[in-house]
Amino acid sequence: MVAVNQAGESTGLNPQKTGSLRPIRGLDGLRALAALAVLGYHLLPGQIVGGFLGVDVFFVLSGFLITSLLVSEYDRKGALDLKRFWIRRVRRLFPAAFLMAIVTVIVAGLFSIDLLAGIIPQFLGVITFSYNWVEIFQGASYFDIASPHLWTNVWSLAVEQQFYLIWPLVTVIILRLRKSAQWAVPFVLAIISAGLMAWYVTDANDFTRAYQGTDSHAFGLMAGSSLAFLSDKPFTSHAPSAWYNRFARGFLSWVGLVVMLATYYFIPDNQTWVYPAGMLISVTATVLVIQGFLPTVDSGSGPGKLLAGFLSLAPFRWLGERSYGIYLWHWPIWVIVVTQFPRLSTWTVAVVVLLLSVLIAHLSFEFVEEPMRRNGIFPTIRGWLGDSVTLGAPTKLAEYQGRRFSFWQALAPALALITVLGVVLGFFFIAPEKSSAQKVVEAGQDSKPKGPFSLLRADAPQLPFIALPELQELDPVDITGQNIYVLGDSVTVASTPSLEAVFPGIYVDAAVSRHMYQAPEMIAAAATTGQLRPYVVVSLATNSEAEIQYLETILNEIGPTRRLILVTGFGPERIEWIAASNKNIRDFAKKYPSRVRVANWDEAIAPHTDYLASDFIHPSVEGGDVFAGELKTTLESYYQKK
């Protein structure tokens with residue numbers, strides 16, 4: 001059994017070869033649970049709402065294991081071989097990431113070239129482990145499942161690799177301090193990192209900078225490192241501590257596991273307090289779990305030994321060892337599947353993606369990751385191409401020693417690499433600069449001046465419920481553009497040319513990534529400045545749930561003499577809040593039949609999904625005509641005899 005870190009990084013602790021050094025039981029199982037949480041968060045939106053916190057578990061594990069290895073090497077040798085350390089990290093992480101990147105580029109290019117929009121900087125981010133900063137500098141949103149990038153999940157691996165590059169240098173300095181003070185350095189750094197995250201979210205429309213930044217999301221890594229400095233040679237066999245110590249620490253380990261699992265179900269990703277408070281809960285819980293697996297606890301009977309044994313069962317170990325590959329592959333597979341089959345149910349997609357991810361991760365582990373970790377990258381490739389007897393690379397470096405390769409066998413790895421890269425470069429050459437969804441949205445933006453409102457904070461304010469009187473009759477108002485005010489999101493932006501063609505003079509205030517919870521304040525501001533018109537159209541059901549409390553407040557803000565038209569949303573089933581929004585909108589309209597109407601965009605566009613961009617959300621020119629036509633029909637319904 002070999003202990004591994006978040007990315008499946010081997011700690012090199014093979015008990016057959018290291019004598020008294022021992023792997024730490026239970027860590028593979030802990031990693032497996034975290035990986036399943038992340039997959040649940042991505043594949044079952046709205047079900048495992050806190051599954052994103054599995055990444056913080058990974059970070060704690062990596063910080064603990066890597067720092068423990070560095071300290072252990074320093075204790076044994078009196079120095080750190082940093083060159084060897086970095087080579088091993090590259091061998092372990094780079095091959096699988098590079099393979100994933102080139103394969104998914106080719107597959108995505110064959111199925112939907114739209115997925116390769118802006119792919120070159122993303123590809124460079126993947127292979128240089130700087131992807132988190134690429135996302136941040138490009139203004140991408142980690143939380144936008146409506147238009148996902150192909151490799152969004154790689155951000156956390158980039159953070160880890162940056163940690164592997166910098167932390168050994170810091171550790172060299174820390175090890176010169178007295179032993180009792182060493183743990184305090186990463187502990188203080190963890191506090192600083194958490195403080196940066198809290199600072200970044202105080203004035204942010206999106207949490208991506210705070211969440212993906214190496215500086216602001218290093219507290220899990222630092223917490224694990226602090227635990228490593230506090231631990232007494234965790235890879236060495238120890239006599240068990242006193243029974244009461246083992247019981248207390250084992251009990252805390254169980255408490256930590258329960259809290260960790262609870263965070264996956266109860267801590268959402270859309271609340272400011274989560275960044276970093278919710279994550280610190282997960283980090284603390286993980287530290288509690290790990291401390292109960294240390295030798296002085298696990299070497300004697302007690303609850304800690306029981307938990308470590310449970311999480312060391314074969315299924316947990318198997319998943320934990322392959323967690324790096326599963327994490328790497330699941331997201332791009334999911335993106336490709338949902339793009340090609342947008343009508344598949346969420347559960348069907350989840351099952352397909354899970355099976356494919358586990359299968360490919362297993363093949364990657366057996367034939368790429370482990371052989372290259374043991375033998376090196378190019379010797380392994382020569383083994384694939386030059387040994388017709390074995391299915392994969394030889395598993396021992398000794399099998400390469402003394403072997404004479406022919407000229408073509410020696411040249412084959414380079415030729416194979418050049419061929420594959422040539423195909424990838426070909427897709428780079430034909431990849432569009434922007435996706436079809438971006439193009440239709442930008443076409444809409446070009447057709448109108450920008451609205452006067454800026455996006456508000458991402459906090460959803462808790463508004464009081466307001467019961468409004470139903471007015472029986474309103475004076476007729478001509479259905480002309482001069483009488484219509486529209487507040488919308490990117491779907492409305494894409495439909496703006498059609499709206500202006502059907503309703504000349506219409507006022508459209510629409511922006512990308514706008515939410516219904518922002519509408520009450522924006523409507524109030526428009527009313528104050530006199531920009532509202534007799535017909536107020538709100539089309540904000542795409543990016544978050546249209547809760548009844550916001551609809552009530554909007555109706556109150558527009559005043560008793562104006563009519564409200566609410567537009568339903570349409571999108572893939574994975575965007576679970578659209579169905580809830582549509583139900584709320586229709587239920588709300590039934591309460592106020594003389595003042596509120598529903599423009600059924602979902603029903604109007606459903607027979608014409610070929611009028612949508614590849615994301616199955618944003619309308620093309622023809623789709624915009626359907627949008628404007630449905631709004632026209634809805635407005636006319638105010639004056640139709642029932």
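Quick reminder: no glycine exception, Cβ is built from N, Cα and C everywhere.
A TrEMBL annotation is a machine prediction, not a hand-curated record.
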50-72, 510-532 - the one TrEMBL records as transmembrane segment: 50-72
Any contact, the transmembrane segment (93-120) to the transmembrane segment (273-294), with at least 3 Cβ pairs under 8 A: no
The transmembrane segment (410-431) touching the transmembrane segment (273-294) per 3+ Cβ pairs under 8 Å rule: no
Folded-back contacts onto the transmembrane segment (410-431), same chain, C-beta under 8 angstroms, at least six residues removed: 102, 105-106, 109, 113, 116-120, 123, 378, 381-382, 385-386
Spatial neighbours of the transmembrane segment (247-267) far in sequence, C-beta under 8 Å, 6+ residues away: 33, 37, 40-41, 48-51, 53-54, 57, 241, 274, 278, 281-282, 284-294, 297, 302-307
